[in-house]
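Student: Found this in TrEMBL, in case it helps:
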REGION    373-409  region 'Disordered'
TRANSMEM  6-29  transmembrane segment
TRANSMEM  41-74  transmembrane segment
TRANSMEM  94-116  transmembrane segment
TRANSMEM  123-141  transmembrane segment
TRANSMEM  193-213  transmembrane segment
TRANSMEM  244-267  transmembrane segment
TRANSMEM  279-303  transmembrane segment
Amino acid sequence: MNNKILRVSALLAALAILPFIVNILPFMGTGWVRILGNTMLYVMLALGLNIVIGYAGLLDLGYIGFYAVGAYIYAWVSSPQLQNIGLMSSVPQWSIWVIIPLAAVLAGVAGALLGAPTLKLRGDYLAIVTLGFGEIIRIVMNNNPGGVTSGPQGILGIEPIHLFGWSLSTNWTLFEFAKSDGSTLTVGGNNVINHYLFFLAVTAFVVLLISRLENSRAGRAWMALREDEIAAEAMGLNKRNVKLLAFGMGASFAGIAGALFASYQGFISPESFVLNESIMVLAMVVLGGMGSIRGVILGAVMLQVLPELLRYFLGWVQPKIIENVSFIPEEVVRSFLDPNTLRMFLFGLALVLVMRFRQEGLWPSVRRRQELHDNDDSPFPSAHHLNQTAHAKISEDEPNNRANTGEGR
């Protein structure tokens, strides 16, 4: 246990130091620190969706709608938006320790409201209903009911997070070094680094909380429901309550991430919460490994960082090819080596390969691996092995059953 605590502490320390190193590297800078901050937000989103899909086995394609709920809650209490339309006399000066729980609770309520009419649905039907719910939230925000969302123009002037009276947008200096050319190298924090460090702390708390949930009574109930609803009900589980809890808990983490996103950007609009975002978060869960906390984190990091590395690499390769390979037209090079086009192609290819050759994901949980594959090292047979054994037994007994009943005479 002590070794595990030391490893986790060392990892958190390394992640806390990382933005300062990235920020001073000449080929990276603040842009890459912003990518790291966005990665933390997607880790929280993917972990929340993993509760719904990975633990409870419920397909949710409208998950990004709860992200929008959290973002707009933060925007309404941290910007002049409601004051401008006459609903408030001034901008509320609420503490972040009030706003984040409020966003989590309201997003959780929205998740439970989504779950209530879908209790008897599974598979494709559940996916269609959740997809519609996510789009309804985006369309409502886009239509600007009562002027509270500003429609497609979005909400501006969102205040950053304040911790004990200190704004995360504050610049501060840790060290200053004199360089040989006479300039000064400053190591310190700014708006982007401060938000990243806060996101890292919140993400660590979310990981700890979900790991506790996974091994709790609720977590075991979700997994039992995923594996066999009928057997779970026979053992006394209340299917309705278990499903609603999964939808509500998963949505709560999306609400937290949404509130942090609004503070980070300082501006939100409905275009930040389109269907592609839900698909992206779903892909993170599937690629990393459904039901695996470590796998989901890996999937989120890969799908956020690797496309940016690809963009950086292609930005360096494109001019080289255009300059040195004269027989290929420049338009063709720019078209085929377009970062956005290749990003989606490689993204789809990775999902196809994972579904074909490694259905459990890149870093699956032990339970998930045993469900899909026989595991000789485990004292318990996998579900796949039990199904094969049952079918083989039925095939062996079928001739005897026919003979006993006189069938075929």
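Cβ atoms here come from the backbone N, Cα and C positions, even for glycine.
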Student: Counting only residues 6 or more past its boundaries, what in the same chain has a CB within less than 8 Å of a CB in the transmembrane segment (193-213)?
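Tutor: For the transmembrane segment (193-213), the nonlocal Cβ contacts are 12, 15-16, 19-20, 23, 30, 33, 36-37, 40-41, 43-44, 47, 50-51, 160-161, 163, 168-170, 219, 249, 253, 256, 260, 263-264, 293, 297.
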Student: I'm a bit unsure how to read this: which one of 94-116, 123-141, 279-303 has the highest number of Cβ pairs shorter than 8 Å with the transmembrane segment (244-267)?
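Tutor: It is 94-116 that shares the most Cβ pairs under 8 Å with the transmembrane segment (244-267).
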Student: With Cβ-Cβ distances below 8 Å as the criterion, list the same-chain residues six or more beyond the ends of the transmembrane segment (94-116) that contact it, or say none.
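Tutor: Apart from its flanks, the transmembrane segment (94-116) reaches 62, 65-67, 69-70, 73-74, 77-78, 129-130, 133, 137, 161-163, 243-244, 246-256, 258-260.
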